[in-house]
Amino acid sequence: MSYLFGLIGYPAKHSKSPWIHEQFLKKQGEQGAYRIFETSPDLLKDKLQALKMIEIDGFNVTVPYKEEIIPYLDEVDSYASSVGAVNTVHVQDGKWIGYNTDGKGYVRSLLEEYPDTNLNKTRVLLLGAGGAARGIYRALAEAGAPVIDIANRTASRGEALRKLRCESTESAVLSLEKAEEGLSHYDLVVQTTSVGMTPNESDQIISLRNVSHNAIVSDIVYKPFETSILKEAKNRGARVLNGHGMLIYQAALAFEQWTETFVEANDIVTKFEQQLKGDTTC
Ligand code: ATR
């Protein structure tokens, strides 16, 4: 059989997803294609109606449609529904079913890089409370993290995110200043904001002067290759996790959903990093 997958978003034409999914298809020995359906907001409804008419196996949803897609779906799985956003649609027997692989992709990349991590004992500090933070918060809470504190510039957004709490997770909402002061309490710091992203590469959301030497500091920003916060973390002797693995593993989880196979994607992360290093176009 030959699969057809795609991506709906705006803008979307510079997405890395076609390259990533072509790698998966090749690796799994499957036939298929991954198309970009760049769609401006005024055309979303018509585009989705047109997609219903073609034989597509599944598609990804990106900015700005991860919430807007929900009313067009026949079902939404419980995880995506609690996060309130869908990034993967699987077409099953003509039904559109929504999933969210962003946060779970982060957790998988963390465990691939640091397999000894025991999430049941990991005290987490989440920096940011936007869409990306929601998925990661819920995935870490479901994986058993006992503490996930949230530090965000706007406290009300942090409070809203805290409502995604699982019963076994303690969460406090902090200012960025308080988080910086109390950094030594955390085993894992997850930077989810756009601060430090190219072209503002020298920006950094907090200082790591109090970071614990055993901590893992991660940043979901994948451009620049090494963000300012990860450079500081390395200099202070902490372990680091960049955003490349999350990007590949959220895609791998979508591919696995569509094809009902398992993809071992570490080599694709390496290949992706080699490509990024040589990439001077954006
Ligand atoms: P995404 O879906 O990528 O997470 P988002 O929903 O717009 O994007 O969220 C962006 C996050 O980055 C928020 O936590 C935002 O903080 P606010 O809630 O206070 O807006 C954070 N953010 C963006 N720019 C920031 C900056 N210059 N300083 C601090 N936080 C910033």
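Even glycines carry a Cβ here, placed using N, Cα and C.
Site annotation (TrEMBL): NADP(+) is bound by Gly128, Ala129, Gly130, Gly131, Ala132, Asn152, Arg153, Thr154, Ala155, Ser156, Arg157, Ile220, and the candidate from Gly105, Gly237, Gly243 recorded at this site is Gly243.
Matching Asp74, Asp77, Asp102 to the shikimate binding residues that TrEMBL gives (Ser15, Lys16, Ser17, Thr62, Asn87, Tyr222, Gln250) identifies Asp102. Ala132 (NADP(+) binding site) has its Cα within 10 Å of the Cα of these recorded positions: Asp102, taken from Ser15, Ser17, Thr62, Lys66, Asp102. For ligand 1, the nearby binding-site residues are Gly130, Ala132; that is, of Lys16, Gly130, Ala132, Tyr222, these have a C-beta under 6 Å from one of its atoms. Spanning the residues Gly128, Ala129, Gly130, Gly131, Ala132, Asn152, Arg153, Thr154, Ala155, Ser156, Arg157, Ile220, Gly243 that the record associates with binding NADP(+), the maximal Cα-Cα distance equals 26 Å.
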